[in-house]
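To start, the structure under review is shown below, and the notes come after it.
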Amino acid sequence: MQPGALSKALKSGAIWGFIVLELAFFSIAGEFLSLSDKAFMDWENMLLLLKQSAPIGIIAMGMTLVMVNGNIDLSVGATFAIAAIVLLDSMTWPIFAGLGDWVIPVAWLLALAVGTLLGALNGLIVWKTGVDAFIVTLGSMLGFRGIVFMFNGENPTSHLNWTLVDFAEAQFLGLHTATWFLLGVTLALWFVMARTVHGRNAYAIGDNREAAVNAGIRVGPHMMINFAIIGFLAALSAVVFYSESGSVNPNDGQLYELWVITAVVLGGTKITGGAGNVIGTFGGVIAIQLLRKGLGHIGADTSTVNLVIGLILIAVLILDRQLNIKGKEELKV
Amino acid sequence: MTDPVLRLENIVKTFPGVRALDGVSFSVMPGEVHALMGENGAGKSTLMKVLGGIHQPDGGAIVMGDTPVVMAGPLEAKAKGIVFIHQELSLAEELSVAENIYLGELPRKSFGRVDWARLAERTNSILKKLNVGFDARTRVGDLSIANQQMVEIARALTVDAKAVIFDEPTASLTDAEKVVLFDVIADLKASGVGIIYISHRMEEIFKITDRISILRDGQYQGTVNTAETTEEAVTQMMIGRKLDLSRNASHHELGNVALQVRGLSCGKLYSDVSFEVRRGEVLGFYGLVGAGRTEIAETLFGLRDPSSGQILLDGEEVRISSPADAIARGISLVPEDRKGQGLVLGMNCRDNMTLPQVDDLKAGPFMAEGAEVAIFDQYRDKLDIRTPGWKQRVGNLSGGNQQKIVIGKWLSMHPNVLIVDEPTRGIDVGSKSEIHKLLRDLAAQGYAVIVISSEMPEVLHVSDRIVAMYSGRIMRTFTSEEVTEDSLIQAISGLGGDKAA
Amino acid sequence: MSDASRNASDLREGIMATLSRQQVGAILARQGILIAFAVFMIAFTLANPKFLTPDNVLSVVRSSAIIGVMALGVTFVVISGNLDLSVGSMMSFSTIVVLDLHDKMGPLLAIPAMFAMTLCLGAFIGFLVGYLRLNSLIVTLGMLSAIHGLTLTYSGGQNMDIADKEGTWFSIFGQGTALGIPVPILIFVALAALLGLALAKTPFGRKVYAVGGNGTAATFSGIPRARTVFTCYLISAACVATAGLIQASRSLGSQNTVGQGLELEVLAAVILGGASLLGGSGTIFKTVIGVLILGFIQNGLLLVGLQFYVQFVVTWVIIILAVWLDIAAKRGKLWSPIA
C-alpha cells in the first residue's frame, strides 16, 4: 500500500461508513428511546428523508463546484429566500392574471432567473474587483437578506397554488418530486464536474490557479459561471421547497450556508479547493439529514441537532488533520 | 549555416529603481543546448519572463526566424513554440496526467464534454515517446517529482516546440532520474529543438550544453563555447570583479566546544550525524539540496524532534523542544528562506529585528520602544544596513539589506552558536563579500558559527572545517588545509570519501 | 480672494508640489473609507439637522456599543490571521446564561460565572485553531451552530427573563449613566483604550501582528504561535461576554437568538476598519471607526426616513467598496488582473 493510501481510502469511504454507523446507531437506540414504535429504517421514513434532504442537498451540489473552484458562497441562504419570494409573489401579479396555471412555469422561470442573476453578480464582483469570495458573499449575504426584509418587512409572503402543491407532493416511482430534483441535480453536477471541459478547468483553477492561468484558462468567466450555477441551484431549491409550503418567512434560509458547507466538507471536498466530488457531497447531505432525523427519532430536539452538527464538523477537521500528519519528522511550524 | 530558432537583440527591462536587464543579446540555434548562467539576481528569471510574455521588454527585440515577435502573454509564447519547464512545477495535483498535459486545451465534444478518448490517445502517444512508466489516467499527485517533471516535458511536446527552456530542472532529481532527463534533452536536441538550460551546476552545464551565455547584474557578459572554456573562466564572468574567495583558516585561538552533536538521527531525513563546533570557529556544511543539512539546523533550533542521538551545549546534554527553548539556550538560526521564514515583510525594520526578544524589552507592561530603536541603530551601524529609517517596511528593502536585518536580529540575541543557512542566497555580489567578512569577524569575536551553503566557493572561503553531507549522512569532515574541490565534490556525490567524523 | 481661501490654495499647491498625482490617487484610495464617511456625514447632516446633535451622536454610539465591544475582540483574531464567526451565537449564550444565573445566584456571582463559561468556549475554539491548527472559518462556523444548540439546550428553548426587573442593580451595565454618559459607551471606550494599548504597545500585541503577518517567520523567531492565537480567541470571548452582559443588562430578558447574525456586522465593522482578512494588519482605532461608520449609516438612513433594512444593502455595498478600494490601492489598478 502506498503511503497516504490508507488515509485516502478512509477519506473517500468515510462518509458512507459514517452513514451506516448512523443507521445502525439510530435503529438500535430507537428501540429503547423512541417515542413512536415505528422502526427507524422504515421504507417510508427513508423516502421522506430523501425528500427532506433536497433543499440543502440541491444547494450543496453547487457549493461543491464553487468550493472545488477555490471559492466559497455564504449568500446561498439569502438567495434562497429571495427566490422564494419572487416565486410566491409573482404568481399574484396582475399582469399574469390571465395565465391560469400557466403562471407556474412563468413564476418558476422568474425565480430561477433571479437566483442565477444574483449568483452571477457575486461572481462578477469576485472576478472584476479581485476581492476574496468570502468577503464578497459575506457582504451579499447581508445585502440579499436586506432586500428580503425590504420586500415585506417581517411578514411572511404567502401564496398557495393547489396545482403546484399537487405537483410538489406527487410521487413518481415511489420517490417524491423533491427527491427527483435532488437526484437530477446531483447527476447534472456530476456530469458538469467530471465530464465537461468547464468542470475540469474548475478543478485545475482550484488546485493550482497560477498553472491554470499560465495554461490560458480564463479564471474569471469560469468562476462567474460557477457562482451563477450555485445561484440557480439556490433558487431551484427554493422553487422545489416553496411550491409545496406556499409561505416564506423573511428569515427562511438562514444558516443554510452552514448546513450546506458542513455537508460539502463532510463529503470530503478540500476547503482550499481542487478536490472533491458531488457523490461525496451527496453522502454528506444524507449523513446530516440522517442525523437530524435520527436525533428526532430518539427524542432529541433541534437544539441537540445544532450542537451535534457543529461538533461533527469540527471532529471531521480533526480527523482529517490527524490522517495527514506525517509523523514526528514534521517541521513544527 | 542555419538560422537561429530564437534571437534576443539588446533586450532592456527596467523596474522602478532597477535596470533588471540591460542590453541582453544571444541566439539559440536549432539542435543546440544553450546554457544561461548567472548568479541569483543576475536577471535570468526576468529574461525568462520577458521570453514567456509575462513581462514586456522596454527595448530590444525577440526575433524568431526573420521577424521580430511580440509575446503578449504566456499563451502566445506557447503558440509561437516557446515552452517552459519551470523550476516550481505548475501542475494540478488532483487532475490526471492527461488533463495536466492538455491543461487549458482539453479536446471538446458536443455539450462542452471532454473528449476523453482523443485525450488519452494523444497523451499516450506523447508518453510513449518519453518512455515513462505511468499512463494518461494516473493522478499527478501520485507521481514522483521526477515523473511530474516528465509531465511538464510532455506538455512541451504537445506543441510544435521551437525552443524549450529548462529552469533548474535537476534541483530535486536523483542521479538515476537525471540520466532519464538528459536522455530526453538529447532527443529534443536531435529533433532540432533549441534548448535553453538554466542551472547553477557546473558539472551538468559542462556535460550537456554546447554554448554558455552569461549574465551579471542584468548585463550580458558574452557567450562561450562550452568545449573551449573552463569552470573558472565561467565563474569569473559570472562574478565579475574577483570576489575574494581565498581560503580562510582561523589564526586566532579556538575556544572550548560550544556545541557537540552525537549520533543524531531524524527519521529518513538524516541519520547518525556527529560533529562539534568550537567558539571562534566557522563550521561549514556542504551538500546538495535535500542532503539533510537544513533539517539538522532545524533540529538544533527546536523545530524538529530528533528520533535518536544527543545534543550537548558546553558539554551538557540538552533537549531542545521549541525555538523559544533554543533561543533561551543561546542558539540562533538565520533560516534559508529569508522571506518565508526570516522576516515578517509587512512589519518595519525595527520590529523585525527585535522580534525574538519582545518579552525582554519591556518598560512596565509596554514595549520599551526606545531600547528597541537603540538596538536597531546599533546593528544598522554595525552591519551597515541601508534603510531610510527603522519605520521602513522590511518588504521594501533589497535582498542584501533584508538578510542583514535577519543577521542583526540574531546577533542582537548574543548567541553562543549562530547557525546561518544559505547566508548569501539571492544577494548581490557586493553584499555577499560583506556578509562573508562578517561571518569571519563573528568567529574571530568568539562566536561558534555554523554556515550551511550550496555554493562551494562560499563554504571554502568562510569555513575552518567543512562537513560534507550526502543523502542524510556525513560523508567526511575536512579541515581547510586538506580540502580540495575534487574531494569535496566526490564526498557530496556519495562517491569515495571515507566516513570520518 | 479671502485669506482663508488663499491659505487653502497655497496649502493645496504645496501638497501637490510634494505629491505626484499617483500618490494622491493612492492616498485617496487608502483613505477612501474616511473620505466617504465624511461625505456621508455631511450629506446626512444637510438632509436632517438632527443627525449631528450631541443627543443623536450619543445614541448612535450607545447602540453601537455591543457590536463595538465584540469587534474589538474580533480585531485581535483577524490580525492574528484567523476568523471568528461564532461571536454572535456566543453572545446569545452569554446573555441567556447571565440572565438565568442572575435569579439563581445573584448578579455578583452570575457575572463571573458567565464570564468563566464564555471563556471556556473561547478556549475551546482557541485550542482547535491555535494548537490543532484547524481552519478557523470552518471551526467557528461549526461553533456557531454548536453554541446555538448549547444555548437552546441550556434554556430549554424558553426566553429568559429576570424576575424582579425593577429591583436589581444589574441594569446598570446597559441602562445606567455616569457623568451623563451611558455606561455601555464608557465600557466600550474603556475597553477600546485598554485593548488598543495592548495591541499597539505590548509584547503580546507585537506577537499578534507577527503571527498574522507571517506565522512561519514568527515561529522561526521563537514566538509561540499557538499560544498567541489561543489568547486572541480568549480575548474575543471576553469581549463577547462583556457584550452579552451589556445586552442582558439593557433588556433584562432575552430570546435565545439575540446575537444571531451579529457576527456578520462585527466582521463587517472590522473589515471596514481596514483589517486584512489575511492577517497582520489593522488597529483597534480603525475598528472603532468601522463600528461608528456602520452605526451612523444605520442611524442616518433611519433619520432620512428609509426603512430599517436598507442599511443591510448599504452595508453590503460599502464593505465591498471598502475592500475593493483597499486592494486596488495596493495593486495600483482598479480592476483585478484576473483573466
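One-based numbering along the chain as shown.
Here the Cβ of each residue, glycine as well, is placed from N, Cα and C on the backbone.
TrEMBL has this to say about the protein:
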- A:12-29: transmembrane segment (TRANSMEM)
- A:49-68: transmembrane segment (TRANSMEM)
- A:75-96: transmembrane segment (TRANSMEM)
- A:102-121: transmembrane segment (TRANSMEM)
- A:133-152: transmembrane segment (TRANSMEM)
- A:172-192: transmembrane segment (TRANSMEM)
- A:224-243: transmembrane segment (TRANSMEM)
- A:258-291: transmembrane segment (TRANSMEM)
- A:298-319: transmembrane segment (TRANSMEM)
Inset, instruction - Quickly jot the same-chain residues contacting the transmembrane segment (A:258-291) by Cβ under 8 Å, restricted to those at least six beyond its ends, or write none. - result: 11-12, 14-16, 18-19, 22-23, 26, 49-50, 52-53, 56-57, 59-61, 63-65, 67-72, 76, 186, 189-190, 193-194, 203, 205-208, 305, 308-309, 312-313, 316-317
Inset, instruction - With a Cβ cut-off under 8 Å, give me the same-chain residues at least six positions beyond the ends of the transmembrane segment (A:75-96) that come close to it. - result: 55, 59, 62-63, 103-104, 106-108, 110-112, 114-115, 118-119, 122, 137-138, 140-145, 147-148, 151-152, 157-159, 161, 230-231, 234-235, 237-239, 241-243, 246-248, 250-257, 260
Legend entry - Contact between the transmembrane segment (A:49-68) and the transmembrane segment (A:224-243) (3 or more Cβ pairs under 8 Å, separation 6+): yes
Inset, instruction - Any chance you could find the range in A:12-29, A:133-152, A:224-243, A:298-319 with the most Cβ pairs under 8 Å to the transmembrane segment (A:172-192)? - result: A:224-243
Inset, instruction - Grab the same-chain neighbours of the transmembrane segment (A:298-319) for me: Cβ-Cβ under 8 Å, and only residues 6 or more beyond its ends, written as numbers and ranges. - result: 14, 26, 29-30, 33-35, 259, 262, 265-266, 288, 291-292
